[in-house]
Amino acid sequence: MAKMINKTLVLTYIYLLIYIILSSGVILYNKWVLSPKYFNFPLPITLTMIHMGFSGFVAFLLIRVFKVVSPVKMTFEIYVTCVVPISAFFASSLWFGNTAYLHISVAFIQMLKALMPVATFLMAVVCGTDKARCDVFMNMVLVSVGVVVSSYGEINFNVIGTVYQVMGIFAEALRLVLTQVLLQKKGLTLNPVTSLYYIAPCSFVFLSLPWYVLEKPNIDVSQIQFNFWIFFSNALCALALNFSIFLVIGRTGAVTIRVAGVLKDWILIALSTVIFPESTITGLNITGYAIALCGVVMYNYIKIKDVKAIQPTTDSLPDRITKDWKEKNSSDGGSPRGLELNDEEAPLITSRLSHIGRTQLGNHTAV
């Protein structure tokens with residue numbers, strides 16, 4: 001039994017490492033592809049559509065052709081009232097986020113992403129899924145102050161890029177809240193493959209509208225570099241990232257995932273300054289981000305306490321692994337209740353869809 005637990009723990013940390021590598025890699029890869037200074041494919045909507053098309057195609061093969069995964073019962077009413085609005089905001093968050101790469105550095109983007117819990121909390125309060133609380137509000141103020149300080153210290157500050165990134169953050173926050181509000185009412189449970197199957201094509205359609213207006217008129221085929229292997233590997237990495245998120249969720253607890261997320265952000269900031277020399281980090285950048293990070297950590301601590309208050313008998317990781325092994329749960333069943341891991345670079349809806357019908361707890365996480 002001890003050997004089984006040790007082996008499982010090793011696998012858990014391997015999955016965490018894979019998640020950190022893939023998440024950082026996809027962000028850096030997208031920046032490299034889109035940046036005029038490098039691969040020079042300044043078409044963020046087109047790149048996002050490639051991700052959506054590839055993801056939807058893979059999901060179709062797995063469900064309809066190879067029948068590896070069974071389809072879920074999806075009615076027209078659920079599709080229109082749930083999948084369509086969620087897909088719209090999901091597509092918007094990816095579009096805005098990828099567009100930001102054209103204007104601001106990866107390091108500054110990661111610092112701005114510290115606003116994610118602020119945006120999610122505000123959207124949750126507006127939609128009635130969370131209550132305004134003084135302790136959380138103070139954390140949100142701390143995060144906001146940190147981001148403002150970090151922005152003030154940004155040497156290459158760009159208003160357009162900053163606005164796009166903030167819009168992407170709020171679109172993603174609204175997507176998370178809508179996922180909870182809409183799908184929870186329907187009791188719908190989707191795993192990563194079935195969520196790909198329904199979300200990706202719908203997101204592709206939504207993206208085609210701004211693409212037709214903003215990018216199609218400016219596309220000069222003779223000046224565009226289209227390397228099949230570059231785009232294939234880019235889409236494949238994005239797809240692999242989502243599945244790594246699913247594996248991590250099934251094997252770790254809330255604290256571990258949050259620590260991994262913070263570690264990933266710091267690694268990404270450091271790597272981006274090495275890979276993209278034009279990315280300059282100032283002392284004020286670091287100070288502001290550290291302030292914001294304190295607020296994020298305190299916010300996560302409060303949310304973890306909320307989860308433990310509702311589930312006072314939560315098992316430790318080894319105990320939960322042993323319990324899951326004894327009960328022979330599937331990887332989907334091993335997902336910790338009330339936990340949501342979100343990564344804006346993943347090309348589909350993440351963990352909330354895999355357990356939305358089994359929990360009444362909305363716990364929002366910034367990754």
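The count begins at 1 with the first shown residue.
Every residue gets a Cβ built from N, Cα and C, even glycine.
Per Swiss-Prot, the feature compositional bias 'Basic and acidic residues' maps to 321-330. Swiss-Prot lists 321-341 with the feature region 'Disordered'. For 9-29, 43-63, 76-96, 106-126, 140-160, 163-183, 193-213, 229-249, 257-276, 280-302, the entry in Swiss-Prot reads transmembrane segment.
The stretch from 9-29, 76-96, 229-249, 280-302 that makes the most Cβ contacts under 8 Å with the transmembrane segment (43-63) is 229-249. At the 8 Å Cβ threshold, with sequence separation of at least 6, the transmembrane segment (229-249) lacks contact with the transmembrane segment (76-96), having fewer than 3 such pairs. Spatially, the transmembrane segment (257-276) is not adjacent to the transmembrane segment (163-183); fewer than three Cβ-Cβ distances between them are under 8 Å for residues at least 6 apart in sequence.
Take the transmembrane segment (280-302) and the stretches 9-29, 106-126, 140-160, 163-183: counting Cβ pairs under 8 Å, 140-160 has the most. When each of 9-29, 76-96, 106-126 is scored by its Cβ pairs under 8 Å to the transmembrane segment (140-160), the top-ranked stretch turns out to be 106-126. By the Cβ criterion (under 8 Å, sequence separation of 6 or more), the transmembrane segment (106-126) is not in contact with the transmembrane segment (76-96), since fewer than 3 such pairs are found. Highlighted: of the candidate stretches 9-29, 76-96, 193-213, 76-96 has the greatest count of Cβ pairs under 8 Å to the transmembrane segment (163-183).
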